[in-house]
Amino acid sequence: MKKYHIGAQAPQIDPDLRARFEAVEVATIGHFRHRGFVHHAITPVVQVGRTLVGTAITVAIPATDSTLLHHAVSVIRPGDFLFVDRLGDDRHACIGGGVAFAIKTAGAMGVVIDGPCTDVEEIIELGMPLWSRGVSGITTRLNDLGGSLNLPISCGNVPVMPGDIVIADASGILVIPVDEAEEVLQEAEARQARAGRNKGKIEAGEKLGDLSGASRMVAAALVEAK
């Protein structure tokens, strides 16, 4: 039976799209879109101070085995964002200081593990943007059990396809199919521009409730209740 299932590497994100997404906050998109957000139980080991944008490369590895992960690190391209599906395992850490060093050296934008990591101090010292579902002192080994690379996976309760656009900042991680990117960007850019204008209006003395329409809703509800 075939142990390793490997797909083709997907094209990387267009540089113009990358630059535009880098100016967008994840939470801005969360105001109008709820799909593709990695579960908040997967938290950052290293805090990021800016929006990171990359191309998803996907790996699925079972329980104690990280053989295919090591191979995947060898084919990471600068700008890739590595997603690791642990297939339900929450006991074995598949990435520690040594693997994180190799990932950073390869030029990856970041790593998302649906499972624990280890060597937290080393990862922090490296400054490697990494999100995980906790930590563990028990590690994977090269057991040659199998897995998949550059095929669809689930990570943080969301489907991730190789080549998806990844946006990550201090508020979370978002995965967007390439064919939906322009629509999402246009709405996000418009909302951020509007938010900037509203800040100026608030500084000039206008009230948030008036700008958002919330005060009008409350007033109307109070009238109806009489």
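For all residues, glycine too, the Cβ spot is worked out from N, Cα and C.
Listed features, source TrEMBL:
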{"type": "BINDING", "residues": "G96, G97, G98, V99", "note": "substrate binding site"}
{"type": "BINDING", "residues": "D119", "note": "Mg(2+) binding site"}
_Neighbour tally for G98 (substrate binding site), based on other Cβ positions within 10 Å of its Cβ_ = 10
_the residue listed as 'Mg(2+) binding site' and G96 (substrate binding site), distance between Cα atoms, whole Å_ = 5
*Quick one: which residues besides G96, G97, G98, V99 have a Cβ within 8 Å of the substrate site's Cβ centroid, in sequence order?*
I95, A100, F101, A102, T118, D119, E122, I123
_Return the count of C-beta atoms lying within 10 angstroms of the C-beta of G96 (substrate binding site), excluding that atom itself._
19
*Would you count the other C-beta atoms found within 10 angstroms of the C-beta of V99 (substrate binding site) for me?*
23
*If one looks at the chain holding G97 (substrate binding site), which residues at least 6 apart in sequence have a CB under 8 angstroms from its CB?*
T118, D119, E122, I123, L126
_Secondary-structure category, per DSSP, in which V99 (substrate binding site) falls_ = helix
